[in-house]
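Structure first, then comments.
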């Protein structure tokens, strides 16, 4: 079963496919092994910065290797791609999915750029999944030491969302519904009513995505899934867990120099965090 079919199944059965970002082999290993142990489909994503560090083709072959070795429905996504040119490079490299994020551009430029990528990707690979974004997500993928104020104009309008989805032909749609990047001093106030309204207005075959899932209370995550979200992104929580586990590993044996010995407890700690999210999202046991 391909990514589109899995995401559609999640939409209609009211659970969500987890998406975790990675920037090294250890994090990807934790993602793949945790998903396998929980029998869950999973998306592994790389931002533009993460892709620059790992390499496009390297990321493709690493994910493909885990997919084949573990017989696992794991899919590689080019996350928050800020230009059509960069998105096309990810298509050409063999990514399973592209998230083109032109949300900071004027609406017409966002629509036209997203539509251009959809056409390009379809010509290259008929089954590739393309995601577009509308609305403005504030914050950064780290702990925010100041309060983030969301302006009304940041949020996605349901009428514009429906037009955007229809014109661009995207497979997945990411709205701004009170979610923010990173973990802030205040818990994000997710607008469940807005999620329901957008879900009702866009095509039922288009998947709704919740970005910036780190720091959102579990109850709101569950409500968002029940309201139509079928794909949830986690990055900051994994980054913070990685750092915590690495610091603890180095403290435990300050004389250890073998990277694989230092990283073993880091991978295990990441796996536990990933499993928590898999079970929260309801995707455990769904890897058919």
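FYI, residue positions are counted from 1 along the chain as it appears here.
Just so it is clear, glycine is given a Cβ too, placed from its N, Cα and C backbone atoms.
Residues or ranges marked as active site, proton donor in TrEMBL: 79. Marked as Zn(2+) 1 binding site by TrEMBL: 80, 181, 211. Summarising the annotation, TrEMBL assigns Zn(2+) 2 binding site to 101, 133.
You'll find the Cα of residue 211 (Zn(2+) 1 binding site) roughly 10 Å from the Cα of residue 133 (Zn(2+) 2 binding site). Note: the Cα of residue 79 (active site, proton donor) and the Cα of residue 101 (Zn(2+) 2 binding site) are spaced 8 Å from each other.
Each residue contributes its Cα atom, and for residue 101 (Zn(2+) 2 binding site) and residue 80 (Zn(2+) 1 binding site) those atoms are 5 Å apart. In the three-state DSSP scheme, residue 211 (Zn(2+) 1 binding site) falls into the coil class. Packing around residue 211 (Zn(2+) 1 binding site) is summarised by its Cβ count: 26 other Cβ atoms lie within 10 angstroms of its Cβ, all protein chains included. Note: the Cα of residue 133 (Zn(2+) 2 binding site) and the Cα of residue 80 (Zn(2+) 1 binding site) are spaced 9 Å from each other. Secondary structure at residue 101 (Zn(2+) 2 binding site), taken from DSSP and collapsed to helix, strand or coil, is coil.
Just so you know, the Cβ of the residue listed as 'active site, proton donor' picks up 26 other Cβ atoms within 10 Å once every protein chain is counted.
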